[in-house]
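K.L.:
What TrEMBL records for this protein is below:
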SIGNAL    1-22  signal peptide
DOMAIN    50-365  domain 'Plant heme peroxidase family profile'
DISULFID  CYS60-CYS156  disulfide bond
SITE      ARG87  site 'Transition state stabilizer'
ACT_SITE  HIS91  active site, proton acceptor
BINDING   ASP92, VAL95, GLY113, ASP115, SER117, GLU129  Ca(2+) 1 binding site
DISULFID  CYS93-CYS114  disulfide bond
DISULFID  CYS162-CYS361  disulfide bond
BINDING   PRO204  substrate binding site
BINDING   HIS234  heme b binding site
BINDING   THR235, ASP286, THR289, ASP294  Ca(2+) 2 binding site
DISULFID  CYS241-CYS273  disulfide bond
Amino acid sequence: MMKKLLNMFIMLFIAMPVPSLSENPTNFSETCEDGNGETGSSFGIGFGLVLDFGLYRNTCPEAESIVYSWVETAVLQDPRMAASLLRLHFHDCFVNASFPYLSEILNCTIVLGCDGSVLLDDTEGLVGEKTAPPNLNSLRGFEVIDSIKSNIESVCPETVSCADILAMAARDSVVVSGGPNWEVEVGRKDSRTASKQAATTSLPSPNSTVPTLISIFQKLGLSQTDMVALSGGHTLGKAKCTSFTARLQPLQTGQPANQGDNLEFLESLQQLCSTVDPTVAITQLDLVTPSTFDNQYYVNLLSGEGLLPSDQALAVQDPGTRSIVESYAADQTVFFEGFKKAMVKMGGITGGSEGEIRRNCRKIN
């Protein structure tokens, strides 16, 4: 029966004109190439779920102000929370459940992205994403999302999805930290499942090379430019020593410094990580303006002061990514515009309409 339904879907897809698919990519959830040139450009196949900028204006007009109020309070109490909430949305969207049968037929990857799966607690029948290695003892902000959801449920029961709350909270975290504002498309549904395995294999590593990063983002329909723009989220937040030990290898092994290395910067990192347990020692991703969302991250990369290996790689491993880094470092407005577009695009990686609106973000209804 399932194969019959999928075959019917394929027939409908084949009958659809390709131009209409590429006109509004944020309504879709698949990453097949549309051939318009840039690596990672794509169109998607939706499952009946269409996002809308104004969905809650009538059904829950208080939603956005509630989210903003909780985020503002949380970031005032703990400035690091801005990065944590932004990262929650990123990790939610990048972890996907695939549809192998349909993907094989269409020769592309069909995925479910921003669906609130990262928020689900483990149960007897479900091992979720929170305990996956990239997330364990790393992701934060769940209590803030719980508070927002509880507040919204008291005003608009079963109306606003947890996935949408994540998207709005990520935007508001950027805004309260001095970054750009943008309108968030909403209408996502919450998944009824999660995958530890998918979280383990889908998320970029802090040691990723530029080709690896481009490939990961391309599979989700995100371009090289999107990848460099979204990496700018690392202008906020902190990282443990264990996530950037590869940056210290020239000092530890006596090997020649890598291209673009700032030895004075690396020596300061080595001193930090050698005096404190590296599994618990943390430092700012951006030491210059650690709590401000700005373009300093890119300035740091050009001076060899990118903290994570995957960050510094953007400035030294590929002339294409370096060119984008240089443009963002030179003009913060250009970065802000690129970041806003990339966030809307990433937020459009959504699943189907078969999800639900969870009453509690930690468990299915």
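Counting starts with 1 at the first residue shown.
Just so you know, glycine gets a Cβ as well, placed from its N, Cα and C.
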K.L.:
Using a 10 Å cut-off, grab the number of neighbouring Cβ atoms around the Cβ of CYS162 (disulfide bond), all chains included.
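P.N.:
Its Cβ shell of radius 10 Å holds 30 other Cβ atoms.
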K.L.:
Determine, to the nearest whole angstrom, how far the Cα atom of THR289 (Ca(2+) 2 binding site) is from the Cα atom of GLU129 (Ca(2+) 1 binding site).
P.N.:
31
K.L.:
Using the centroid of the Cβ atoms of THR235, ASP286, THR289, ASP294 as reference, list every other same-chain residue with Cβ within 8 Å of it (recorded Ca(2+) 2 site), in sequence order.
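P.N.:
The answer, listed by sequence position, is LEU236, VAL288, PRO290, THR292, PHE293, ASN295, GLN296, TYR297.
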K.L.:
Could you tell me which of these binding-site residues, GLY113, PRO204, has the fewest other Cβ atoms within 10 Å of its Cβ?
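P.N.:
Sparsest of the binding-site residues GLY113, PRO204 by Cβ contacts within 10 Å: PRO204.
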K.L.:
Which whole-number value in Å describes the distance between the Cα atoms of ARG87 (site 'Transition state stabilizer') and the residue listed as 'heme b binding site'?
P.N.:
9
K.L.:
Quick one: give me the count of other CB atoms within 10 A of the CB of CYS241 (disulfide bond).
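P.N.:
Taking every protein chain into account, the count is 21.
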K.L.:
Just the number: how many Å between the Cα atoms of THR235 (Ca(2+) 2 binding site) and HIS91 (active site, proton acceptor)?
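P.N.:
THR235 (Ca(2+) 2 binding site) to HIS91 (active site, proton acceptor), Cα-Cα distance: 17 Å.
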K.L.:
Ten-angstrom check, please: count other Cβ atoms within 10 Å of the Cβ of ASP294 (Ca(2+) 2 binding site), all chains counted.
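P.N.:
Taking every protein chain into account, the count is 19.
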K.L.:
Can you give me the same-chain residues 6 or more apart in sequence from HIS91 (active site, proton acceptor) with a CB-CB distance under 8 Å?
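P.N.:
Result: VAL118, GLU129, PRO134, ASN135, LEU139, ALA199, LEU203.
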K.L.:
Can you figure out which of CYS60, CYS156, PRO204, CYS241, CYS273 (the recorded positions) comes closest in space to ASP92 (Ca(2+) 1 binding site), comparing Cα atoms?
P.N.:
PRO204
K.L.:
Do you see any of the recorded positions CYS114, ASP115, CYS162, ASP286 whose C-alpha is within 10 Å of HIS234 (heme b binding site), and which ones?
P.N.:
ASP286
K.L.:
With an 8 Å cut-off on Cβ-Cβ distance and a minimum sequence separation of at least 6, pull the same-chain contacts of VAL95 (Ca(2+) 1 binding site), or say none.
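P.N.:
Result: GLY113, SER117, VAL118, GLU129, ALA194, SER195, ALA198, ALA199, SER202, LEU203.
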K.L.:
Are there binding-site residues among PRO204, ASP286, ASP294 that sit within 10 Å of CYS162 (disulfide bond), Cα to Cα? If so, list them; otherwise say none.
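P.N.:
Near CYS162 (disulfide bond), where near means Cα within 10 Å, there are no binding-site residues at all.
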K.L.:
Just counting, how many other CB atoms are there within 10 A of the CB of THR289 (Ca(2+) 2 binding site)?
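P.N.:
For THR289 (Ca(2+) 2 binding site), the count of other Cβ atoms within 10 Å is 18.
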